[in-house]
Amino acid sequence: MASSSGEAVAQVVGESRPRPQTRLHPPSGWRRFLANRWAIAGAIVVLVIVIVAVLAPLLPLRDPNGTQPARRLSPPLSPGYVLGADHLGRDLLSRVAWGARISLTVGVLSTGLAMSVGTTVGLAAGYYGGRADLIMMRAIDILMAFPYILLAIALVAALGPGLVNAMIAVAVVNISFYARGVRSAVLLLREQEFIVAARAAGATEGRIVRRHVLPNILAP
């Protein structure tokens, strides 16, 4: 009887003792990516396009502007024409590879320019606020008031034809999206405790923006 009562007491004590909490760590972005087969397939396709575009000058491809009237409208997998030929007899595979170089150049440079300018504007407007925020955001609102494609066409018409002008036009019409997103993130961060603590510790505003605000808004 005594042993059974002792076991009961021990069981009650064991149940009342706090159990160690297990912390659930959400899967990282890399693990989520590897678990998604469609994402991996898309990444492989993009990687192949990038490799072909970068190595286009080294690949044994035809002249993308060379015409072969006798081979015009050749179907895919024709001898010497993997993707076929267009109405002028130009090799479509060669034109796709060389065209991808231009598309990637415009996309990467224009996106980088838009992200740099938009992030700077959003940081300044969201962190410092006041009149700077009012002026910058009203300018962003004016940009967003115009239709996206119409504004890009108008900028290209004003700047003139050319690859550089096209990149500038694409960058300008995308600045507003980055600026608004960054400003919203900064407004949520600037009153957080670690920002207030850094300010109380004597850190300058520029150091706070570089060391605390910017890394947090760029984190996935």
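Keep in mind that glycine also has a Cβ here, set from the backbone N, Cα and C atoms.
What TrEMBL lists as domain 'ABC transmembrane type-1' is 100-220. Taken from TrEMBL, the feature region 'Disordered' applies to 1-26. For 38-59, 102-128, 140-160, the entry in TrEMBL reads transmembrane segment.
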**Message:** Checking distant contacts: for the transmembrane segment (38-59), what same-chain residues at least six beyond its ends satisfy Cβ-Cβ under 8 A?
**Reply:** 94, 97-98, 100-101, 103-104
**Complete:** For the domain 'ABC transmembrane type-1' (100-220), the DSSP residue counts stand at 106 helix, 0 strand, 15 coil
